[in-house]
Amino acid sequence: MVRAQWKVIILLILLMVIPSDGLFHSIYRSILVAQPFKGNAGQPLFLSPYIRTGKIKEGQRKSMVSPFPGMYDKSYAGYITVNQTYNSNLFFWFFPARTQPADAPVVLWLQGGPGGSSMFGLFVEHGPYIITSNMTVLSRDFPWTFSLSMLYIDNPVGTGFSFTDHIQGYAIDEDDVAQDLYSALVQFFKLFPEYAKNDFYITGESYAGKYVPAIAYYIHSLNPVRRFKIRLKGIALGDAYTDPETIIGGYATFLYEVGLLDEQQRRHFRKQCRKCIKYIKEQEWMKAFEVLDELLDGDLTAGPSFFQNVTGCTNYYNILQCTEPEDQSYFSKFLSLPQVRQAIHVGNRNFSDGAEVEKYLREDTVKSVKPWLAEIMNYYKVLIYNGQLDIIVAAALTERSLMTMDWKGSYAYRRTHKKIWKIFESDDEVAGYVRRVGKFHQVIVRGGGHILPYDQPLRSFDMINRFIYDRGWEPYKL
């Protein structure tokens, strides 16, 4: 035990001193904070007027999050207006890195869903705080904010604390998502110009496997022609639903081989998946969505999905867990507390479960962004990672998609073998497996599921820092 604790301490020291060289919706549907508890929640803070009028210091000062018992990291939060016509606003919460914040890369985190709040990533996965059942705030052992400046945005409009006053303010495709995010990012870096010079990475998991390539491609396209440039260096995608057609085509075999379907159930699953793919090829997007929803997701159906009926499980994020862990929803009650809402400047705004967001993105659900991802892989650093125990976007399904990708390194990728990754040379346990081709890194993390940093916090922490700080995948020596 003592030796293990020393390894953790050494890893943190290494990070400071080594130079750099919706669809998946069930977990979010249980997280609904319709109204705050009674009390003074203050008023929502809209920062775009301060940005437009050049009142940057005042905007920064007003957006600073007030101290709350257990929450002592310096942070900023508020709303950025991305469409004045429809009064569409994206909520953000920004944490400068604990170490060397002036130079640390800025990392945007986007949750999946569609319609999952990035507050889930903050409180459940890799932010500085954990919420207990009695609303106590604890410090996370391996927060990504230790070495990275983390920007959490509730995306798209209508997700979490983000909102719009008009139905036309909702995104109906990834172009809409990217356009709103780009507006928010440009305004964010104008509000915090001291961070605009830092390297910028876009990260996310699950359905954000669409959001991340979409906004990255948008930045890639606009940077050459815009005066204000975002210093995009790379992206990281966890268990990413980037390429639905290819992923859906592998479900029946995968679920059968891990023992979740019998032979008859596999035949039904395969038949329905083929029907879904047929609709995708015919661009019958709504029909494809309905087939997949009845088969697997059960988000908008009257009863359980076929998957839920035959497995008895509602959780397809970890093969070892039939239901979602209870502690993954504690933060929702915390965000109802008026003193918390006042501290993060959201006032009495509803915290949405994202059902409306998914409704407007139903056709987008089965569309691919693979061409955008391939373009990003040609020019930027890219990390694609999977938890070994994930079901909904299993490692085998990600690899199935990657084998069909057309990018500059595709020939080399298909002929490159994965290598063993350990954090420390003396570790008995293997952290995972890595396949690297140039600036592209594919990682499978052992012992983790879809919500990877929750299942494997240290391995996720080590992985993201190795990738962003270009430290390679050789084990550290004690």
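Positions of Cβ are set from backbone N, Cα and C atoms, glycine also.
The feature active site is assigned by Swiss-Prot to S206, D390, H450, with sequence analysis given as support. Annotation comment: Swiss-Prot describes N83, N134, N309, N350 as N-linked glycosylation site, evidence class sequence analysis. For 1-22, the entry in Swiss-Prot reads signal peptide.
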- request: Compare the Cα of N134 (N-linked glycosylation site) against each of the active-site residues S206, D390, H450 and report the nearest.
  value: H450
- prompt: D390 (active site): which of the recorded positions N83, N309, N350, H450 have a C-alpha within 10 angstroms of it?
  reply: H450
Query: What is the one among the recorded positions N83, N134, S206, N309, N350 whose Cβ has the most other Cβ atoms less than or equal to 10 Å away?
result: S206
Query: If you run the three-state DSSP split on N350 (N-linked glycosylation site), which class comes out?
result: coil
- prompt: Taking the Cβ of D390 (active site) as the centre, how many other Cβ atoms fall within a 10 Å radius?
  reply: 28
- prompt: Reported as an integer number of Å, what is the Cα distance between N309 (N-linked glycosylation site) and H450 (active site)?
  reply: 21
Task: Using C-alpha atoms only, work out the spacing between H450 (active site) and S206 (active site) and round it to an integer in Å.
output: 8
Message: With every protein chain in view, what's the tally of Cβ atoms within 10 Å of the Cβ of H450 (active site), excluding that atom itself?
response: 26
